[in-house]
Amino acid sequence: MSMGPPKLRTSSAAPKQQVQQHQPSSPFSNDPTDQDEHSSRGSPIPWETRPSSKLGRAVSSVSGTGITSSFSQRTPARSFNHYAPHGPLEPTSYSSQGVRDQTAELASWALSDPNSLRTGASEYRQPSTSDLRGSEAWLGRSSRSSISEGLWDPMDPLSLARHDTIQEVSEPVSPAQKSSPSQTPLQSSALTDMLRNSPPQKYSDEQQAQSFPDIVVEGADAENANEQTPLIGNGQTNGNHPAQYSSKNDLEGQAAVKRRRLDRLYKFLPDAKRHGMSAFRTATNPKLWTPHSLWYEAILPTVQTIPSVILGLLLNILDALSYGFILFPLGTEIFSETGPDGIAIFYVSCIVSQLVYSCGGSIFKGGVGSEMIEVVPFFHKMAYMIMATMGTSNPDAVRATVISSYALSSILTGIVFYALGAFKLGTLVNFFPRSILTGCIGGVGLFLVLTGVEVSARLDGNLDASRKTLEKLFSADTIILWILPLLLAIVLLIIRYLKDHPAIVLGYFFGITILFYIVVAAVPSLTVMTMRQSGWIFEAPASGVPFYHFYSYYKWNLIDWKAMSQTIPTMFALTLFGILHVPINVPALGVAVKEDDVNINRELRAHGWSNALSGCLGSIQNYLVYTNSVLFINTGGNSRVAGCLLALATCGVWIAGPEIIGFIPVMIVGTLIYMLGIELVIEALWDTRTKVQRLEYCIILAIVLIMGFYDFVAGIFAGVALACLNYVVQTSRKSAIRANFSGAVAESTVRRHPVQRRYLHEVGRQTCVVKLAGYLFFGTIVEVENKTRALIEEEAFRKRPIRYLVLDFTHVTGLDFSAAEAFTRMNRILHRRNVEMILSGVVLGDDIEKSLKMVGILNESADEDAALPPKVFEDLNKALESCENELLITFKQRTDMLAQKQAVHTQSVAVPQPGSSSASSSTTALHPTDSIVYSSPRRTHLQQAATSTLNEPNVLPPSKWSHFQQPLPLILQTFQDLTEHNEDFWHRVVPFFTRKELPAGTVLYSRGDEPDGFYLLQEGILRADYDWEQGRYSESIVAGTTCGELPFFAETDRSATVAAEKDCVAWLLTRARWRELEERQPEVARELLKIGLKLTSERMAAITSYVLVAAG
């Protein structure tokens, strides 16, 4: 199917919605000058005015062929205030209006009568008084500086947006569509149309209707059906059956299936529905109870999971003895007997979480749920806060309030978990710094180590640095109680470091227990009673205490809600810490067990159900334990049956009661707590020493120490504050300056006249391009401001005087108020040196433009001495083109001045020939005003560059060329630096070119077309758009340059789409005439081919340079 030419933008104006008409007003120049540069303000030099504001621009054009001027009128914001500007700010518009017209006019000037370059008979005229719109504007501060500097800032009006834009041509109709007699309705989708009309070459709609009859029977009534009712009916379907479709329905217009109420539950428990229904059908159908099915589907899978269930049960028991036993602060008198109750609460939490995960809540069939070890320090803090508020006079009320706050925090955690999963915010927690979580893990580890000392030493309170506590710890009968478990934990860690296996931990603790009772039995003086009294064995629970004893603590009439409300911040801190585990443990577990369908949101919802249900049943938080799950799955527990059996076994241990507690050695629990604590401290402080930077490691260490010795909530908030500080410091080290270039390197994509290119290369270093990147805030903007100050320092400015500072925002993602204010300061600093700030890559209406607008940098101040707002361009190319145009206007001015001096000199001396010493001397003779002009380094450089360029050999075309008929003068000027042949050689190619007038909007050729000719542009401007898979690129082709030479000579397809932006006059060498030229004038054809290769080399170098600069 043929493709039509793409729609081409023929205007460089801003988007249509931003084009506004403004009434013309008095012009204001934009180029303030130094105090010593006022000598030329009265010279009759054509100049351009700058608008009083860049926020809206209108036009005041100088009649004739002079360069267009633009300006506008608006009410300035006089009383700007940060964050609250008085009155609405006018919308910003790009400063690129008119730049393209200016480029075309400068190119035409370069091809004008060569005598004008000598005699000063330029096509520009001095503006009249009416053009200046008043003498005050002519003698204003900005206009004086523009004249003295020799630089103009012409801007095109918004009203110049053309209305002759090329209309978009609809895609041609394919043959298949032509053969179809019917048209597709607009509301039908492309897929539907394709399915309807496929295969179009075989069947038409009528043929399809004849070949494939509609099988839908009309008039069938499902409600009044009888024996004679057709089996295949038509009409509306009910909600229990899928929608029916005929050939006339839209295949993508499927009706929404009505969702049943239990679908959400089935979505949450997808496997539970399938396995449950299968088990129910099997259990209720005795015919399926065959020995083979019972063995392979019931008995054998259950037996194979027994080893993993036993391992999981032992792990639950060890965890219950370690941190389930210390759920309450046992060192206080109120909670001294609550160790068995903490174990029972731990078992309930394990059972609930295990059932939720194993019944389909989690993708991991063998996932093991257990209590969060990190909740223990938070629970102790909540208990102490409640006791500090309520006192200890009513133990039942304190216990009721504490245990209720535990359960309430679990419900709160479940709600947050489920909300994150339901709203698909699972990735949100990834924005929480990992260093804070690592520090919290280390803080929990330090807390467990200290708790291990408390439990092992049987202290009557918290471990503190008081003299009484220290004397108790280091007394002869106590030091062995907490030192021995510490040594046993260290030995176990060393063994696991050398050989890590799940059986090692179980065997180690069983061996210690057996060895302990062997020693007790071997020593006659030691008995279980004496060991219990000396603190080696836990006190036996009171007889007759049921396994559900902790429920007796829930006495709703005794709860102090005021005291509980004070623990709410700690609850949220616990919730925040708890939700960080899922995004870390779940993906890691998926990698470990090779589960590829992990969904964080689903796991969050499962955690929400398990925690909320656990809290409703009077228990505490739980989560999917990574280590236990890996061990359980690797030993054969990767099934939901195994998980349910583990929950059943844990329930049996819970029902068995806490009597076993009275025979467990304290050193076993102490060793467990020490081991867990030391492992967490090693993970936080030792394993990260080579993985994080020094500042980040200091943050982790600070969090560990604050949590371990002061307060857990304070540790989390301190970690957040330190992480923010670390982010500021680390980000500030990253330079916001991506790259910087001079104008000699960073050039626009405009194909300019060779003389203009030569001049721009000489003066390009007066343009400084600074490419910014990243998010600019108070930490990174300092470097940008220092760079700006360094450019205009006295010594640096003397060596490299700059005129334009282009700040490119293409790679900037945003900026804060401090950065926006810094740009305002930079604009004022540059204004003192008469350096113009230009902003490129700013998208109108985005956050960057709004931030700049809010601080007033884009608004003109009412103060006459204030800096004018910087110009704003949509991309770097437009900004560079504008700078080059203003520099070329200075070149034009210098050319006229030298031509005027040469004309005066010819009154007494014969006219010198170009390139002679007399011409050089006359050209370089100082004008009477040059003595003051040269006091400015920047202007000195401009005039020296102009003089040097004009004095180079073969720069000024001979005067006789003006008498030649086109296209010979055009050929001679275009190929001047590319060939050594003269007009006698090139006049032979003139008959082969054809003159073409191209109205604005004409498409010369499109990408992929066969090359039909080679163009020489005499007037106007063309735009070439390269739309490739790698990106888009465009360049402007002005008068005095060529177009389409590479595909033409190489006989390859066109690589770009070229259209006329203005009315153009071009000379075309067609393919047929080229063949004729090769036959009649082979020497000229070969020379033209060489020139084409040289031009292609220049184009590739220019494109490569711009692409590298834009990407830099």
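Each residue, glycine too, has its Cβ placed from N, Cα and C.
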435-459, 535-559 - the range that TrEMBL marks as transmembrane segment: 435-459
Annotated range (TrEMBL: region 'Disordered') out of 909-929, 993-1013: 909-929
Non-local residues, at least 6 beyond the ends, that sit with Cβ under 8 Å of the transmembrane segment (505-527): 311, 314, 318, 488, 492, 495-496, 664-665, 667-668, 671-672
Recorded stretch that, among 309-330, 479-498, 640-657, has the most CB pairs under 8 Å to the transmembrane segment (663-686): 479-498
Model confidence over the domain 'Cyclic nucleotide-binding' (977-1095) (mean pLDDT, whole number): 90
Contact between the transmembrane segment (435-459) and the transmembrane segment (342-360) (3 or more Cβ pairs under 8 Å, separation 6+): no
Intrachain neighbours beyond the transmembrane segment (403-423), with Cβ under 8 angstroms and 6 or more residues off its ends: 327, 345, 349, 375, 378-379, 382, 386, 429, 550, 553-554, 556, 559, 564, 567, 570-572, 574-575, 578-579, 582, 600-616, 618-621
Other parts of the chain folded back onto the transmembrane segment (572-592), taken as Cβ under 8 Å at six or more residues beyond its ends: 363-364, 367, 372, 374-375, 378, 409, 412-413, 416-417, 420, 426-427, 429-430, 432, 437, 440, 598, 600, 603-604, 607, 621, 623-626, 629-630, 712-713, 716
The domain 'STAS' (769-883): DSSP-derived helix, strand, coil residue counts: 49 helix, 28 strand, 38 coil
Long-range neighbours of the transmembrane segment (309-330), counting only residues six or more past its ends (CB under 8 A): 336, 338-339, 341-343, 345-347, 350, 368, 370-371, 373, 376, 379-380, 383-384, 402, 406, 448, 451, 454-455, 462, 502, 505-506, 509, 620, 628, 631-632, 635, 637, 642, 645-646, 649-650, 653, 661, 664, 668-669, 672-673, 676
